[in-house]
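Comments concern the structure below.
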Amino acid sequence: MRITIFGTGYVGLVTGACLAHSGNHVVCVDIDEDKIARLTRGEIPIYEPGLEQIVHESVASGRLRFTTDAADAVAHGTLQFIAVGTPPDEDGSADLKYVLKVAQTIGEHMNDYRLVITKSTVPVGTSDKVRAQLASAVAERGVDVEFDVASNPEFLKEGAAIDDFMKPDRVVVGVDNERAAEHLRALYAPFNRQHDRTIVMDIRSAELTKYAANVMLATKISLMNELSQVADRVDADIEQVRRAIGADHRIGYHFIYPGCGFGGSCFPKDVRALGQTAAELGYEAEIINSVERVNNRQKSVLFDKLRYHFGGDLTGKTIALWGLAFKPNTDDMREAPACTLMESLWAAGARVRAYDPEAMGETRRIYGERDDLTLCTDGETAATGADALVLVTEWHIFRTPDFDALAGLMNTPVLVDGRNIYKPSYVAQAGFAYYGIGRSAASGARTTLG
Ligand code: UDX
């Protein structure tokens with residue numbers, strides 16, 4: 001099939017590359033000339049395992065190309081995907097100006113049937129706006145061209161996006177006629193394994209599905225984080241609790257890991273946007289709104305534990321951070337707990353030494369050169385001379401350090417485990433004061449802060 005994708009950000013690029021890889025002819029278009037020039041040279045602007053290889057292979061085979069020429073892009077694809085950004089407005093609702101600009105552009109250039117598919121995460125009702133924008137752009141030209149609109153939200157996880165696209169749990173397709181449904185069923189047929197993964201529904205339900213999935217997952221995490229706060233205060237171990245509740249199939253083991261708060265481009269933004277949508281319709285979404293409040297509070301848990309250990313004064317302390325990205329296998333720092341922690345530490349007069357396998361360039365881009373931030377070549381160097389070490393992001397490389405050697409490198413062996421990846425008794429044997437998340441009984445340390 002002939003496919004055009006507007007937007008070469010995370011979603012657009014992964015979608016374009018994966019669709020080209022399954023035999024389609026794909027054109028990716030973006031208004032950012034520099035980005036398109038870099039992509040054309042084979043440079044991938046984001047870190048995503050496996051992406052570079054399939055982009056290179058697809059470009060070499062002639063099935064994927066990049067352009068800034070909108071007319072060329074609209075002429076190319078029968079299917080036109082909108083995968084541009086929807087940054088949050090000041091009030092948290094998604095800003096649709098880029099999405100509607102693309103709809104306008106498609107309407108200005110299309111000369112025969114086009115199926116216009118929204119992939120960006122957009123509020124319920126956006127496809128109606130896309131349809132209206134297309135219709136007015138076409139009408140202005142005085143031409144008569146048929147088109148359909150569809151919603152096809154993405155459920156990609158950063159760091160596993162290629163796998164998620166190639167082996168989806170489900171493909172959600174929102175349409176209002178059989179012609180559009182058939183196009184999308186055919187497009188996604190190569191990604192069916194064992195059974196048909198495409199779930200066809202009405203457009204508004206498809207739009208809501210994306211938010212519902214993310215809000216459900218974010219709620220699981222916030223609830224677990226809240227339980228970890230209770231566990232800390234009653235001297236229970238949330239990890240023992242987690243294993244026991246996860247065994248109940250109705251609860252399950254996925255997404256119940258307590259930690260230092262969720263970050264990334266999706267959960268915080270989508271939780272906020274759905275709460276905002278409900279509020280605009282006169283409904284106070286109490287659970288959804290508190291998911292974000294709980295998460296914001298959780299992001300200060302690492303700082304609180306450090307402050308507790310050092311008796312409330314972190315002035316002049318050097319704190320080592322392992323991991324900066326909001327989760328492993330990405331260089332993405334958006335809404336990362338590490339940002340909250342570093343900013344609190346600096347405000348308290350502490351210095352930061354940090355290492356992350358991928359996100360140090362991004363950290364430098366955000367914070368620039370500063371005296372109280374040293375980016376180190378590896379985890380051991382970051383820990384050298386530190387008064388405490390904080391595991392913020394559970395990259396594989398941090399899983400089994402030599403704790404005895406580590407204790408020897410540090411000024412004082414204090415470990416705050418923001419993801420509960422270490423065994424408290426094992427760490428304690430090496431002489432560390434250990435603080436986990438909701439594990440005060442197991443760690444032998446009272447971290448209750450009142
Ligand atoms: C998420 C959704 O999973 C994906 O389907 C959607 O398309 C985009 O948003 P992503 O933001 O890439 O994907 O990250 P994900 O792996 O879901 O993790 C989100 C955050 O939750 C991370 O900060 C992670 O550390 C945190 N998390 C996850 C927990 O704190 N505990 C858990 O049990 C799981």
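Note: Cβ is positioned from N, Cα and C throughout, glycine not excepted.
Heads up, TrEMBL stuff is auto-annotated, nobody curated it.
Going through Thr4, Thr86, Thr363 against TrEMBL, the one listed in the NAD(+) site together with Asp30, Lys35, Thr121, Glu158, Lys269, Arg334 turns out to be Thr86. For the substrate site, TrEMBL lists Phe155, Leu156, Lys157, Glu158, Phe255, Ile256, Tyr257, Pro258, Gly259, Gly263, Lys327; matching the candidates Lys101, Lys129, Lys210 against that entry yields Lys210. Looking at Thr86 (NAD(+) binding site) and Phe155 (substrate binding site), their Cα atoms lie 16 Å from each other. Of all the recorded positions in the list Thr121, Cys266, Lys269, the shortest Cα-Cα distance to Lys210 (substrate binding site) is found for Thr121. Put simply, Asp30 (NAD(+) binding site) is 38 Å from Ile256 (substrate binding site) when counted between their Cα atoms. The distance from the Cα of Asp30 (NAD(+) binding site) to the Cα of Pro258 (substrate binding site) comes to 38 Å. With respect to ligand 1, the binding-site residues Thr86, Phe155, Lys269 contribute Phe155 as residues with a C-beta closer than 6 angstroms to one of its atoms, given in sequence order. DSSP places the residues of the domain 'UDP-glucose/GDP-mannose dehydrogenase C-terminal' (320-424) in helix, strand and coil in these numbers: 35 helix, 19 strand, 51 coil.
The predicted model assigns the domain 'UDP-glucose/GDP-mannose dehydrogenase C-terminal' (320-424) a mean pLDDT of 97.
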